[in-house]
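Peer 1: As annotated by Swiss-Prot, [4Fe-4S] cluster binding site applies to 71, 75, 78. Annotated [2Fe-2S] cluster binding site per Swiss-Prot: 115, 147, 207, 277, in sequence order. The domain 'Radical SAM core' annotation in Swiss-Prot covers 53-282, and the record cites sequence analysis as its basis.
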């Protein structure tokens, strides 16, 4: 006879988390492996945790791609890598004026965090100073939180960014340590962890997440969440692979909308007090169930991503309003 799996009490598990009882890896795997018919119960349970810590607030973030393509790394998922044949715009650094203009566009889009992103392995000291010049002007003229994502950092560069007023530094783990060699050969998983730690040591809030759907196992997905817990990442972007044509992963099967929802819920259970952001691949992977994602997550990007299009800001604002949620005001 086929063994009947005992149905979990997801709501009880959520209240345990609210009472600061951490879930186990087995609990996290159970969320990911739950029958699709349970997904609404799981999202409702995740919302108990999300609402306890964040109420109905949704944080909006906006990206500016200040340097596109021209990257020497061989990350298999990335359209900007040296091995990518994807037809993307390639350009060197935007001027400081353009970066500052982007900050004011972020405000028009009701974003509270402005993310300055550049392709490449690591920035030169001259490039860091270029970013710092723009950051200082943005800090003088707006109340935006500023996040930077410039590649690997050394201690001096991290300290300079912190002194300039950079609030957050993004450096994703991308995938599980044991899966890393299958997506990149030009740097290691430990290299990425090192930069997250350097940013934190400099006093910058660490932002680190993953791209789900790159061949990792269910168990590895759960372990990624616990690794981010260990690193104490304050903000966790959950990206879902967009299999871009011209990249080595172009044929990779993308996750279903329900699989994406389970990832978001699992991440909320494991990291209950952290900002969970639905990031790249939100529109293409979650599709018509995007609104449900915000029952676990409390943050999204508004507008376009690095090389892929997002939906119009008005659509995001409308989605948030329709849910009865509120956009978190831009404030430090």
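Every residue, even glycine, has its Cβ placed from backbone N, Cα and C.
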Peer 1: Does DSSP put residue 71 ([4Fe-4S] cluster binding site) in a helix, in a strand, or in coil?
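Peer 2: DSSP call for residue 71 ([4Fe-4S] cluster binding site): coil, neither helix nor strand.
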Peer 1: Could you tally the C-beta atoms, other than its own, that fall within 10 angstroms of the C-beta of residue 147 ([2Fe-2S] cluster binding site)?
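Peer 2: Its Cβ shell of radius 10 Å holds 22 other Cβ atoms.
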Peer 1: In the three-state scheme derived from DSSP, which category covers residue 78 ([4Fe-4S] cluster binding site)?
Peer 2: coil
Peer 1: Using a 10 Å radius around each Cβ and counting other Cβ atoms from all shown chains, which of the binding-site residues 71, 75, 115, 207 yields the largest count?
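Peer 2: Buried the deepest by this measure is 207.
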Peer 1: With a radius of 8 angstroms around the mean position of the C-beta atoms of 115, 147, 207, 277, what other residues of the same chain does the [2Fe-2S] cluster site pick up?
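Peer 2: Neighbours within 8 Å of the Cβ centroid, excluding 115, 147, 207, 277: 61, 113, 149, 168, 170, 235, 237.
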Peer 1: Check the domain 'Radical SAM core' (53-282) for me and report the mean pLDDT.
Peer 2: 95
Peer 1: If you count Cβ atoms within 10 Å of the Cβ of residue 277 ([2Fe-2S] cluster binding site), leaving out that atom itself, what do you get?
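Peer 2: So the number of other Cβ atoms within 10 Å of residue 277 ([2Fe-2S] cluster binding site) is 25.
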Peer 1: Please report the number of other Cβ atoms within 10 Å of the Cβ of residue 78 ([4Fe-4S] cluster binding site).
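Peer 2: Step by step: centre on the Cβ of residue 78 ([4Fe-4S] cluster binding site), count other Cβ atoms within 10 Å, giving 26.
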Peer 1: Using the alpha carbons only, what distance in Å do you get between residue 277 ([2Fe-2S] cluster binding site) and residue 78 ([4Fe-4S] cluster binding site) once rounded?
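Peer 2: Residue 277 ([2Fe-2S] cluster binding site) and residue 78 ([4Fe-4S] cluster binding site) have their Cα atoms 20 Å apart.
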Peer 1: What does the structure give for the C-alpha distance between residue 75 ([4Fe-4S] cluster binding site) and residue 115 ([2Fe-2S] cluster binding site)? Integer Å is fine.
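Peer 2: For residue 75 ([4Fe-4S] cluster binding site) versus residue 115 ([2Fe-2S] cluster binding site), the Cα atoms are 21 Å apart.
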Peer 1: How long is the line from the C-alpha of residue 71 ([4Fe-4S] cluster binding site) to the C-alpha of residue 115 ([2Fe-2S] cluster binding site), rounded to the nearest angstrom?
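Peer 2: Here the two Cα atoms lie 19 Å apart.
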Peer 1: When DSSP states are folded down to helix, strand and coil, where does residue 147 ([2Fe-2S] cluster binding site) land?
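Peer 2: Note: residue 147 ([2Fe-2S] cluster binding site) is in a strand by DSSP.
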